[in-house]
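One structure is given here, and the rest of the page talks about it.
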Amino acid sequence: MELKLWLLVLLLAIGSVTLRAEDDEDDIVEDDDETAVESEREPEPSPPPAPKVTYKAPVPSGEVHFAESFDKGTLEGWVVSRAKKEDTDEDISKYDGKWEVEEMRETNLAGDKGLVLKSRAKHHAIAGILKRPFVFDTKPLILQYEVNFQNGIECGGAYIKLLSKTKDLVLEKFYDKTPYTIMFGPDKCGEDYKLHFIFRHKNPKTGEYEEKHAKRPDVDLKTYYSDKKTHLYTLVLNPDNSFQILIDQTVVNSGNLLEDMTPPINPAQEIEDPDDQKPEDWDERPKIADPDAAKPDDWDEDAPAKIPDENAMKPEGWLDDEPEYIADPDAEKPEDWDEDMDGEWEAPQVSNTKCESAPGCGQWKVPMIDNPDYKGKWKAPMIDNTNYQGVWKPRKIQNPDYFEDLHPFKMTPFIAVGLELWSMSSDIFFDNFIITTDKAVADQWGNDGWGLKKTAEGAAEPGVVGQLMSAAEERPWLWVIYILIVALPVFLVIVFCCTGKVGSFVLRRIETAKASKFSFCPESDDSHNTRKPVSLCTLLFCQSVGEHRESFVHQQIYIHCTLRCLMFESTS
């Protein structure tokens, strides 16, 4: 009974909060006219601006092949392509998407500019020349840059291409078929989230190139495309053929060029002979029908699967002469009905009302049941095939196109960085490209660029409490959930731990405190355990409140005092 009373009190408290919120909303509506003038006279102060982080353009701390922060505010050193895409409709074949160098729309880093893809549903292509060609020899390759999908991303990519060093490379004609060595970066369409790492491998026998794709990352990539934050993408390629892919300086994928690319770098040494054919007498049947089996004499293949139920009887009251459906007596032929064109008019069929109270109407038929003697068509049982030879496969022969490349890291040298993209979203922000052979240089560059953005974005975000408060402002009913989450555990502790014995415990301590006239708690029987003092005024206050527990407010204060006493007791 006492527990039910406590639960009732909690429900009343929650109800009062909900009603109070509704009353507040009503008061706002009623006082709207009165406060309108005051609002005009005294506009609400805007919230304080998010703390600013001082921006300083990153500077490479070591040797690099390419580094670009765009903080000069121009496209100097970059070439916008004027090419046309082949095998595409004329109206969309041009690479006429716009590029701009500007700050992000929402930024706390004044002066931090980047390259922005401005157009949607257009082809974009832009490229920049390296200080010197990158040659794959004894040093690793580290490629790194930043991306921010300011408008989210519906369908499109933000990947980068490292353009191969060829004699006919012209950046003004850069398009989708321009030879590249590596393609790396994010790409998304629909619910397919990708992080590409593709390189073009040269066949040492034929000289032809084939794209090799890294395995997919094991992590969920969705957040990086939807949170509208700046993310740092890094590719590390080592001379031992190992690779790592990082997002925000955390490894999300790794592997080895010889083991984790599709299709594999090296073809199979043996292949199936395309000219080999299965012999006509090759038997691939593991089971066959028993040739010695015979159909039993009593096996009736003609017996039906269903037979009439001989025990069935027509239900009493069945209306044999009444059809289940009749012509609608209330229906009338439409005035525009033309019998020459539409045929003879017939009223639509409706359910016969006389059948509603009867077990059935129309001709009664004996129901069908399963035939217990039904066996169906006889088939001989299956037995192991003594002539079974297994599944036939063509014989293996040496692969005439076989080669072995144990050093796929030694890729085609590249001379330029390019972005060749189609996107259904605009305002994709790129920044802080770097290509180097020193991971420490790339890390420092990332900390000086992306690290500042991360700090600034974090400073601009509200804390957890702020986010909860903002959500409750938009959805006031969340206050009830917050109260339940906070109050319910405390309430249950009080109900199950702080009733009955605790009340008498508090009263005993109060009497002891009165008699002693100073702050204390009696010594425990255990010499190793000393009770902590409880203030006399606190105990007297608890007694005072406890004598007036008939009001809800006094009950809450009494619970608080009792809980404090319990805490002193439990720690003793």
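Note that Cβ sites are derived from N, Cα and C of the backbone, with glycine treated the same way.
Per TrEMBL, the cysteine from Cys189, Cys355 that shares a disulfide bond with Cys155 is Cys189.
Taking the Cβ of Cys155 (disulfide bond) as centre and 10 Å as the limit, one finds 14 other Cβ atoms among all the protein chains shown. Non-local contacts of Cys189 (disulfide bond) by the CB criterion (under 8 A, 6+ apart in sequence, same chain) comprise Glu154, Cys155, Gly156.
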